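Q: I'd like to ask some things about the structure below.
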Amino acid sequence: MATIVPEKLNRLFINVQQLWQVPRLLGSAFPSPHCTVGTSEVPRVFWKPYIHAGYRPLNRTWTYYFLTLFQQHNEAVNVWTHLVATLILLLRFWRLSQTVDFVSDPHAHPLFIIVLASITYLTFSTLAHLLQAKSEFWHYSFFFMDYVGVAIYQYSSALVHYYYTIEPDWHSRIMGFYMPGAVLLAWLSCAGSCYAKYRYHQVPRHLSRLCQEVPLGLAYALDISPVIHRLYTAQPSEQGDPALLYHKCQVLFFLISAFFFSYPYPEKWFPGKCHLFGQGHQIFHVFLVLCTLAQVQAVVLDYESRREIYTSLHGDHTHNFSAMCLFTGACCLLTAAYMTSKVKCKLNCKGQ
């Protein structure tokens, strides 16, 4: 009996010592808060205009890059803006599934597609910004995947605007070319973005931007046309429709995001001051998220209030639109896979 008490106290002391080591073990598992490097230590393809620090070192383990989710670096804000938006949309989808029959109601399929496409592009973007620093090959590969997600989202946006938001008058004018045009321009956006990334730093910057931004701009002009027509032709009695307010917001937020996507402000005004926070691409992410959330809410309201209009316009064509979405995704995936093989050959030649 005299030895039992000291033995238990000794075990307790050992357990306390082990618990005391837990913070140190956890600290060693995470990357150092000062683990970033400058442009001189990463290949040129990783460089951002006017951002000279905050890059993560290459060729670390996948665990290392996943754990940088909780560290400061020049991609951290980009990761978190789209990660949080993904979680918000997952919650929104769960709440919608309580009231909308996505399985039995064919007219709910476009709504399902836009929510799923939004979650997809945000997830792909989160992974791209989080993991692209692994190597040059993975940098290209993850951003090609990101462009696939954006293209699918573009098509889905065109679909819901055409299906739920469009007015009969505009529908009669564009029904012959709108959806095929949306498919073509979504693929061109993906292909142009992949090519611009592949040829980045090898061609003049304005040509690279031309390949990426012209298809994106044309796609948006077509996709948003049903919304613009509806806003322009809305009667005074319709101005109180909350869906119109959300549509106005999505257009405004997109235009702001497009500006910050195209121009490196404010880092150009404050060189050396925006390595971690305040980059134009980060502002672009924030406004694109706001655009997507406003768009989804507007489409949900249109789905609920305009059923008589869209059922008379589209009948039983929802399966065709779903098939076109799959076709668009398949074409974009094949394009991204082809460009990835080109990158692999390019890097192999570079290594030799």
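Glycine residues also receive a Cβ, built from the backbone N, Cα and C atoms like all the rest.
Just lifted these from TrEMBL, have a look:
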BINDING   His129, His281, His285  Zn(2+) binding site
TRANSMEM  77-96  transmembrane segment
TRANSMEM  108-131  transmembrane segment
TRANSMEM  143-164  transmembrane segment
TRANSMEM  176-198  transmembrane segment
TRANSMEM  244-263  transmembrane segment
TRANSMEM  283-301  transmembrane segment
TRANSMEM  321-340  transmembrane segment
Q: Please tell me whether the transmembrane segment (143-164) and the transmembrane segment (321-340) touch - that is, whether there are at least 3 C-beta pairs under 8 Å between them, with each pair 6 or more apart in sequence.
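A: They do touch: at least three Cβ pairs between the two stretches lie under 8 Å.
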Q: Excluding His129, His281, His285, which residues of the same chain place their Cβ within 8 Å of the centroid of the Cβ atoms of the recorded Zn(2+) site?
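A: My list of surrounding residues reads Glu75, Val77, Asn78, Val79, Thr81, His82, Ser125, Gln279, Gln282, Phe284.
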Q: Compare 77-96, 108-131, 321-340 by their Cβ pairs under 8 Å to the transmembrane segment (176-198) and return the stretch that comes out on top.
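A: By the under-8 Å Cβ criterion, the transmembrane segment (176-198) pairs most with 321-340.
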Q: Which bits of the chain, at least 6 residues beyond where the transmembrane segment (77-96) starts or stops, bring a Cβ under 8 A of a Cβ in it?
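A: For the transmembrane segment (77-96), the nonlocal Cβ contacts are 69, 111, 115-116, 118-119, 122-123, 125-126, 129-130, 276-277, 279, 281-282, 285-286, 289, 292-293, 296, 300.
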Q: Judged by the number of other CB atoms within 10 angstroms, which among His129, His281, His285 is the least packed of the binding-site residues?
A: His281
